[in-house]
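Trainee: Dumping the structure here so I can ask a few things about it.
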Amino acid sequence: AVRREEAGSAMVARALWALLAALRTGWCLLPQRGYLHPDEFFQAPEVMAGDILNLQVYYPWEFLSSSPCRTVVFPLMTSGVTYWVIKSLQQLDICSNCINSYTLLVSPRLLFTVFSFILDYSVYRLAPFWGADPWKALVLLAGSYVTLVFYTRTFTNTLEGLLFALLMVLVSSRKSSGSSAEPTSSSLIGVITTAGFFNRPTFLAFALMPLLYWASLIVDSQKSIKTLINHFLKLILCACFTAIVFITADTFYFTSVSLDNLYSTNKSSLIDVIAQLHEKMVVTPFNFLSYNLNPHNLALHGSHPRVTHFTVNGVMLFGILHILAIDAGFKMLKKYVHRLVLVRWCYRGPPGLLVHSEGSPTLLLFYFVPLAFLSLFSHQEPRFLIPLILPLVLFSASPNRAVKWKLLLVLFNLLGALLFGCLHQGGLIPCLFHLEQLIHSPASSSHPQHYTLLFAHTYMPPRSLLNIKKTDMHVEVIDMAGSGEETLCQTVEQQARNFTCSDCRIFIVIPGTVRATITKCGVSFRNETLIFPHLSMEDPPQIPVLSSGNWSSQLGLYILELNKDH
């Protein structure tokens, strides 16, 4: 009877996971309206849209040749590949309108969504090793709004989480008999660790515990010092080779070095070519660290208390699972200290936090050690912690840790998916879709017009979604960010004074919560379009106004067309 009940539970879990996996893919294609952070566009898709599709874009400072802080390898392998595919399809006339705002948004996201199933694979592989229930862990993973929303977006943090998952799979090997297997993946571990470092140097914080665990496995399993050295030598050589690949690619990209330039008319020797490359060499992680280790630079992006990850961001992402992990961590620490006191004179060897048979303490270290290292920096955003979902769900799905709080987990993830997947800055992407259709409408094509698009109090609009070629000069985008009332009105009035040509159209995009500001600028509008929903946490709606019946405008984004006759 017990076995039948377990089999029935496993079947239900399989069906639930399949449903959640379909939701993950379907919601990506729908697409998701929420806009989490500008980095989801400006660390890959926006840059690649300019380079590969020749669209008007905004290049962030990290991708300028004067301050290269991001590797170009991963953007090329992800957004670059998807944009090359849709460009090729359009050039081959397989699809006449392959390049549009929808495909520009969804194609890179779809690739990341496919990649996100690396997490599911990793959980399924790792669960038996760490003593967790595979299907319970998979349901926890697939049902988390972090997986549904963050892991389907084009963040470098998403790639960091996937590489962390692969690293955990490589260091967790077990024979069919159940004992730990001799590590044989030294080369791959070197490649993934280096790739993760070039993607985000913070990857070293996540890689530290897996690497220490792997090293302890090697030391325990090897009798020969020669074999031991061989493992570490493979790792170092593969890490160096991977670093050379990344440095070469970044150097060619950021310094515009080409083989034609290197082999110029003076027919440089190979030694001269190597010397030129060495002189122009770009090592993006070092530039990244140099910038981010400066407290003044971090303050420009926002400073937070050092405990923000522990007390706020962990709860915001993982809810009760984070709180339960903290509780278990304190209990483990108390037990460990107690054991140290009792056996300090007679116990041989370490007290056993990395004993391979005890999965839970080690998984807690895999969770809290990166959390502690990331807390050393004053700039702390929730997305920095998304790679930690893997050790957390494995820890939470242990058989002796029955998930109680099921209803709370469901409600928490529904709320998170609604807030971040739909509401948060949720009007900006549909707004860009609407403007792209307007600019490329048949009427606009037959009678070319000049468009001025002014965005105020929104996240930075990704210009690529407007699908404007670099050679087209009839669209101007003005990003006012969070400008004050006086600056905003001055800009609007200046645009109104310059509103002289017959084929000019000026649109102002602004959240409903600051809609009243525009009315003070002494201009009128001939057209209003309200996109719902849109929640701006920088300009949140006022509770009294929400309850007064005017809630739709407070939770909306306005597209206002300036009246020329004013």
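For all residues, glycine too, the Cβ spot is worked out from N, Cα and C.
All TrEMBL annotations are machine predictions without curation.
TrEMBL lists these features:
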TRANSMEM  159-177  transmembrane segment
TRANSMEM  197-219  transmembrane segment
TRANSMEM  231-254  transmembrane segment
TRANSMEM  310-330  transmembrane segment
TRANSMEM  362-378  transmembrane segment
TRANSMEM  384-400  transmembrane segment
TRANSMEM  407-428  transmembrane segment
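In terms of burial and nearby residues, how do these features look in this structure?
Mentor: For the transmembrane segment (197-219), same-chain residues at least 6 beyond its ends with a Cβ under 8 Å from one of its own Cβ atoms are 71, 73-74, 156-157, 159-160, 163-164, 167-168, 170-173, 180, 183, 189, 228, 231-232, 242-243, 246, 284-285, 288-289, 292, 354, 356, 362, 365-366, 369-370, 373-374, 384, 387-388.
Long-range contacts of the transmembrane segment (362-378) within the same chain: residues 130, 168, 202, 205-206, 208-210, 213, 292, 295, 298-299, 303-304, 306-310, 314, 325, 328-329, 332, 353-356, 384-385, 387-388, 391-392, 394-395, each at least 6 residues beyond the stretch ends and with a Cβ under 8 Å from a Cβ of the stretch.
Packing against the transmembrane segment (407-428) from elsewhere in the chain are residues 27, 32-36, 140, 143-146, 148-150, 319-321, 458-459, 461, 509, 511, 531-537, 555-557: each is 6 or more residues past its ends and has a CB under 8 Å from a CB in it.
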